[in-house]
Amino acid sequence: MIDTLALAVALPLLGAIGATLWPRRSLPLSLVAGLATTAAALALTVEVALDGVQRSDFGGWGAPLGIALQADGLSVALLAMSNLVTLAATFYSAEYFGDKAVRRHFWPLWMLLWASLNGLFIAADLFNIYVALELLGLAAVALAALTGTRDAVSASLRYLLASLLGAITYLLGVTLLYGAYGTLDLGLLADAITSGPVAWGALTLMIGGLLIKTALFPMHFWLPPAHGNAPAPVSAALSALVVKVSFYLILRLWFDLFGPIVTPAAANLLGILGAAAILWGSWQAVMAERLKLMAAYSTVAQIGYLFLFFPVIASLEPSPARDDLIGAMVLFALSHGFAKAALFLAAGHIQQCAGHDRIDDLAGTVQRLPATSFVIALAGVALIGLPLSGAFTAKWLLLSGAIAAGQWWWVLVVLAGTLLAAGYIFRMLGKVFGFQETPYACITAVRSEVPALLLATTATLVLGLAANPLWFLLGFGDLR
Amino acid sequence: MTLTNWLPALIVLSSLIPGLLIFALKEEQVTTRTVLNMFGATFKLVLVGIMVWGVLQNQVYESRWVLAPGLELILHADALSVLFVVLSSGLWFFTTIYAIGYLEGSPYRSRFFGFFSLCVSATVGIALAGNLITFVIFYEILTLATYPLIAHRGTPQATRGARIYLYYTMTGGALLLIGAVWLQVLAGPVDFVEGGVLDVLPTELSGQLILIFFLMLAGLGVKAALVPLHGWLPQAMVAPAPVSALLHAVAVVKAGAFGIVRIVYDVYGIEFAHSLGLLTALAILASITIIYGSVQALLQDELKKRLAYSTVSQVSYIALGAAIFGPVGTIGGLLHLIHQGIMKITLFFGAGNYAETLGVHKVSELNGVGQRMPWTTLAFTIGALGMIGIPPVAGFISKWYLGVGAATAGMDWVILVLAVSSLLNAAYFLPILYRAWFREPPAQWPKESIPAGTWETKWTLLMPPVITAALALALGLLATAPFSVLEWSRLIAIREYGL
């Protein structure tokens, strides 16, 4: 049997090596490696759906010594989304970078980013997670700096510092655990861990480090400039996936590893930070003057929603209602992943055509770029959380959980966030769909519009109508 | 996998799919677009016909689809939904013909007709929604699909009107959503059932249920233009005439009013709503709206604005009907759902014809227009007389039932409201008719763009109002015939009250 777990990491890594060795052939090599990687990830998803949790220990060495990979329902749900988004962005990048010199640097880094993303979703021990996290951070920072503008470089430096700080903090927590329990395997640790100062210290350090990388308010300071100045496909991957993978790790730690020792107070703190992120991020997005900056602030807000789930889930005993909420949280993450990637790809088209992305000067874009404008509208629906997007279903379940738990204050936050999101999305749509003469002429190839269109449709129609299997998939694994 | 499972979904899809295809068409593919439009409109009518026939035979039509654990999309045909489906798909047919003529040669028609079709798909979805979440979903989609239509002309006023519409409807939609979620937390999945489903809940929840009712009423009241939530409607009249028809008669305000009817009858149940004291509050709100709208209409010189305020007033008759406890009042409200739609669409078609043919936008410019455009003016006259409530036009029947219903329910003050409102209606409609028929026409019309030929204007513009006016007359004259709207409303009332 082919080990799809290993392939999901090895294939993009091979692609990265190939693209480095043969820079002239970097594009076809990356496309082939990307297609194969996505195929492996989807195959893995199917395996989990059919046979349950998949695990693979390298070279016959089991835990606690060897490198172990493991995939459960949560891993593959995010892995599948991540690979589909990356694949779409890969095809988009083929057009976007074309023959520009920068593609020599882009493709190896891009494939490295892909490999570390996949590695993180299926890593089964805390040290491998650290290694992949560092790789991811370095690849992401380098990619964000690729435009080479002064703004991009200084933003990337900030990003680099935040990323390193997050990883080091996380590593400190890991060493605490290793000192106390002598293992780094997630499964073994989860069985051994007991409530106490060591566990609390490790929890705080590890989650804290990951929160910096996830850019939860007020640790989001690095995100808007970095995401707003990177090349479009890179912004898409950063906003849709890179912050999502550290969120995934938080879930893994919160519900899997530290499940028995997290307290409602800690969950409430995360909820409060999430609420602040929603309000602050959305408001900044409303005020943003540039399309990509608006999208970046929207990410800050959307990350906030994910953390709003924590206090509501914490108020519930293990029950179907709790599983429904966890599923809704994952659905929200998936929906945002697809929608935000689509939005950034569309923004990239606009920037290439217009030469800028100042929202006030985008009037009439629809006349030149109808498909792109349509993508923005569809992605916008998912970002506001209107039907038929995955975010709508997720929000319904979140509101339902909050009301049932008597935590009505989160309802007010969601209400305010939704209206603010409508504000920033329609401010832009009002311009884009205007009748004014557009100052720029641009014709894009139809095929370059397809990736973003597919992503936006997935967020707004597919996830809105056909999300039910997600709960079945999440049944495999032991989130508690 | 039989027709009974698929028919409701097909009725929604019959305009949705042509709409999506139209988006992809190029501007100059006029014939393809017209064929798609008319195919969708006709096919939908045929499907609705099959459904009406089936419902008469007690056939159950239901499409279900699971969205997430505990959340199900249900499309279901009951007597009330059929009433609204027939209205919206019937009027949509005429509006489509009218729109094709009206927009001939104007830019961005593919986009327009795409959203136009989305709009009616959402409305039919609202009509057929079998539970609260399905209703909320289609209600929000309707908001999204209408926004680009109001903004269609792209002028600063149009963008402004659309933005105001959005402020109102987004806020309203969010409140409706919260109310719906809250209700589902208390009562489990809320299916629409004749007679209501909430009276089984423990009495200590009454306070929450009242609060939820007003949350949802705030959401629905925005689209139904209940005062003080009506502010968007007069602003939205900057949209092209077919869109006004859609807003005022086929889709938007009707969706709000229909929602109120649904919530009162099939969620709370009329008796339970009565016992919570919700009906009195609703009746007062509706009455204020009726009087306020009429007074405002009196003050407008711009024809479409006068008609818009008239809608504010007239749509609240439907809410008023829902608020009158007793089957007769119910029948009056339901009748007005249909009658107001047919009469108001006639009036907007007429106003559109004046504007498009002669460049006449103001009441003060209408002098002698009856001589130049007799057929349009005749249709307009029938619509206006119906709005005032003069027999034998349909509007008389609904007002009669509302009045008798109020008297039976012991709400005598409602009769006073009806009387004052009718006087005001007369005060703002009769001067128009007087000018149109009895004043001398001016030497030159403001902007005559369609010359008088065999007909006074394009046939695509003339036929729809003439037919809808004839319908308004027929519904009044043949009110007691079998299978009439009156009979159907009676059937609904009997089921709602469990008689």
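Numbering starts at 1 and runs along the chain as displayed.
Placed from the backbone N, Cα and C atoms, the Cβ positions cover glycine too.
Residues or ranges marked as domain 'NADH:quinone oxidoreductase/Mrp antiporter transmembrane' by TrEMBL: A:123-419.
With a threshold of 8 Å between CB atoms, the same-chain residues lying at least 6 positions outside the transmembrane segment (A:74-94) that come near it are 8, 27, 30-31, 34-35, 37-38, 41-42, 44-45, 48-49, 106, 110, 114, 117-118, 121-122, 232-233, 236-237, 240-241, 244-245, 248, 251-252, 330, 333-334, 337-338, 341, 345, 348, 448, 450-452, 454-455, 458, 470, 473-474, 477, 479. Sequence annotations record features per position, and here TrEMBL assigns transmembrane segment to A:74-94 (among others).
Look at TrEMBL and you will find A:106-123 (among others) tagged as transmembrane segment.
As annotated by TrEMBL, transmembrane segment applies to A:129-147 (among others).
Positions annotated as transmembrane segment by TrEMBL: A:159-178 (among others).
If you look up TrEMBL, you'll see A:198-222 (among others) marked as transmembrane segment.
Residues or ranges marked as transmembrane segment by TrEMBL: A:234-255 (among others). Long-range contacts of the transmembrane segment (A:234-255) within the same chain: residues 74-75, 78, 82, 85-86, 89, 92, 110, 113, 117, 120-121, 129, 133, 136, 140, 143-144, 146, 166, 186, 203, 206-207, 210-211, 213-215, 223, 226-228, 262, 292, 295-296, 299, 303, 306, 310, 326, 329, 333, 336-338, 340-342, 344-345, 347-348, 479-480, each at least 6 residues beyond the stretch ends and with a Cβ under 8 Å from a Cβ of the stretch.
Among residues of the same chain six or more beyond the transmembrane segment (A:261-281), those with a C-beta under 8 A of the stretch's C-beta atoms are 193-195, 199-200, 203, 216-218, 220, 254, 297-308, 310-315, 409-410, 413-414, 416-417, 420. Residues or ranges marked as transmembrane segment by TrEMBL: A:261-281 (among others).
As annotated by TrEMBL, transmembrane segment applies to A:293-313 (among others).
According to TrEMBL, the transmembrane segment annotation covers A:325-348 (among others).
Taken from TrEMBL, the feature transmembrane segment covers A:369-388 (among others). Cβ atoms under 8 Å from those of the transmembrane segment (A:369-388) belong to residues 298, 302, 335-336, 338-340, 342-343, 345-347, 349-350, 353, 394-395, 418, 421-422, 425-426, 428-429, 432-433, 442, 444, 446, 449, 452-453, 455-457, 459-461, 463-465 of the same chain, restricted to positions at least 6 beyond its ends.
The transmembrane segment annotation in TrEMBL covers A:408-429 (among others).
Using a Cβ-Cβ cut-off under 8 Å and counting only residues 6 or more beyond its ends in the same chain, the transmembrane segment (A:450-474) has close neighbours at 45, 48-49, 73-74, 76-77, 84-85, 88-89, 91-92, 323-324, 326-327, 330-331, 334-339, 341-343, 345-346, 349, 371-372, 374-375, 378-379, 381-382, 387-393. Taken from TrEMBL, the feature transmembrane segment covers A:450-474 (among others).
Taking Cβ pairs closer than 8 Å, the transmembrane segment (A:159-178) reaches residues 126-127, 130, 133-134, 137-138, 140-141, 144, 184, 189, 193, 198-199, 201-213, 219, 221-223, 226, 246 in its own chain, all 6 or more past its ends. The stretch in closest packing with the transmembrane segment (A:129-147), judged by the count of Cβ pairs under 8 Å and taken from A:106-123, A:293-313, A:325-348, is A:106-123. Same-chain neighbours of the transmembrane segment (A:106-123): 5, 8-10, 12-13, 15-17, 19-20, 23, 26-27, 29-30, 33-34, 37, 41, 44, 69-71, 75-76, 78-79, 82-83, 86, 90, 93, 97, 129, 132-133, 135-136, 139-140, 142-143, 146, 231, 233-234, 237, 241-242, 245, 248-249, counting only residues six or more beyond its ends whose CB sits under 8 Å from a CB of the stretch. Counting same-chain residues at least six beyond the ends of the transmembrane segment (A:325-348), those with a Cβ under 8 angstroms from any Cβ of the stretch are 74, 77-78, 81-82, 84-85, 88-89, 92, 96, 227, 231-233, 235-237, 239-241, 244, 247-248, 251, 255, 291-292, 295, 298-299, 302, 305-306, 309, 312-313, 316, 357, 372-373, 375-376, 378-380, 382-383, 389-391, 393-395, 397-398, 401, 451-453, 455-456, 458-460, 463, 467, 470-471, 474, 479. Note on the transmembrane segment (A:293-313): residues 214-217, 220, 223-228, 235, 239, 243, 247, 254, 264, 267-268, 270-271, 273-282, 284-285, 322, 325-326, 328-329, 332-333, 336, 340, 343-344, 347, 359, 383, 395, 398, 401-402, 405, 407, 410, 413-414, 417, 420-421, 424, 428 of its chain, located 6 or more positions outside it, place their CB under 8 angstroms from a CB of the stretch.
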